[in-house]
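**Student:** I have a structure I would like to understand better, so I am pasting it below and will then ask my questions one at a time.
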Amino acid sequence: MFHGSMVALVTPMEADGSVSDASLAELVEFHIQKGTDAIVAVGTTGESATLDFDEHCEVIRKVVDRVAGRIPVIAGTGANSTSEAIELTRCAMQAGADACLLVTPYYNKPTQEGLYLHHKAVAEAVPIPQILYNVPGRTAVDMHNDTVVRLAEISNIVGLKDATGDLDRARDLVARCGGKIDLYSGDDATAMEFLLLGGKGVISVTANVAPAEMHQMCEAAMRGDRAAAEAINARIDLLHRNLFLEANPIPVKWALEQMGLIPPGIRLPLTRLSERFHAPVREALAAAGITLNA
């Protein structure tokens, strides 16, 4: 249903932490011009954890309105409360999003049956295409492949974003449910190999700063052209690593600020990038051929 380079869009903020509507609109245009295949709004990279409910819905609406049907918009609507996830997902559907991305419930550590029933409840309550999101490094819960296979039987669960970076796991998922749902990498460092295994795309942090390159790499990998994919990926490989020197989205927001694309705002408890990481992030941007503001 969705494919290619799907940017995990930052939510640009002014220095006081307010959402910058002007920068948000400019980012949407930047991505469409550079070939990004879909925009994922208000996920982890979009600071969903520090936007309140109304802000969350409003950012989704603004992205959908600005995109105006030119590329798909996938809205992050996960929560660790099933009822809240349902309400956020309903809000996204009403705003006109093409699909929703639902992270596994975090912190309260549900069982596999709890994960199944949570996602089943959201899917049954809101008839919009839904993509599961497994990122155990952040959530403290891991959705096992067996649970994914069960959920793949639900008609409007259409995909999985797997951010584990475990390619053996990805290979097993492709074999067991690749014909029922689409599988997306959520780990830039292993995304190329994930796509060569049969993945349909990547929900990418790197795409915030290198959208054209991520689009080109995805196209090459998905058509099975390893040599072309490797050549493109080599230019952005340092970004895949250095954009995670501190917790995402700290480094990528700083990088976008240096590129002149967003203001400096980020919400507590996240802080601006530590000075010791400025040089490594600049090095990664330079390796990718990205021009910074003077």
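Every residue, even glycine, has its Cβ placed from backbone N, Cα and C.
Feature annotation from Swiss-Prot assigns site 'Part of a proton relay during catalysis' to Thr44, Tyr107; the stated evidence is sequence analysis. Feature annotation from Swiss-Prot assigns pyruvate binding site to Thr45, Ile203; the stated evidence is sequence analysis. Positions annotated as active site, proton donor/acceptor by Swiss-Prot, on the basis of sequence analysis: Tyr133. As annotated by Swiss-Prot, active site, schiff-base intermediate with substrate applies to Lys161, with the evidence given as sequence analysis.
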**Student:** Far apart in sequence but close in space: which same-chain residues, 6 or more away, have a Cβ under 8 Å from Thr44 (site 'Part of a proton relay during catalysis')?
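**Tutor:** When sequence neighbours closer than 6 are ignored, Thr44 (site 'Part of a proton relay during catalysis') has Ala8, Gly76, Val103, Val135, Arg138, Asn248, Pro249 within Cβ distance under 8 Å.
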**Student:** If one measures from the C-alpha of Ile203 (pyruvate binding site) to the C-alpha of the residue listed as 'active site, schiff-base intermediate with substrate', what distance in angstrom results, rounded to a whole number?
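**Tutor:** Rounded to the nearest whole number, the Cα-Cα distance is 7 Å.
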**Student:** Out of Thr45, Tyr133, Lys161, the recorded positions in the record, which is closest to Tyr107 (site 'Part of a proton relay during catalysis') when you go by Cα distance?
**Tutor:** Tyr133
**Student:** Reported as an integer number of Å, what is the Cα distance between Thr45 (pyruvate binding site) and Lys161 (active site, schiff-base intermediate with substrate)?
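**Tutor:** Here the two Cα atoms lie 14 Å apart.
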**Student:** Sequence gap of 6 or more, Cβ distance under 8 Å: name the residues on the same chain that satisfy this around Tyr133 (active site, proton donor/acceptor), in order along the sequence.
**Tutor:** Gly43, Gly78, Leu101, Leu102, Val103, Thr104, Leu160, Lys161, Ala163, Gly186
**Student:** If we count other C-beta atoms within 10 Å, could you say which of the recorded positions Thr45, Tyr107, Lys161, Ile203 has the fewest?
**Tutor:** Tyr107
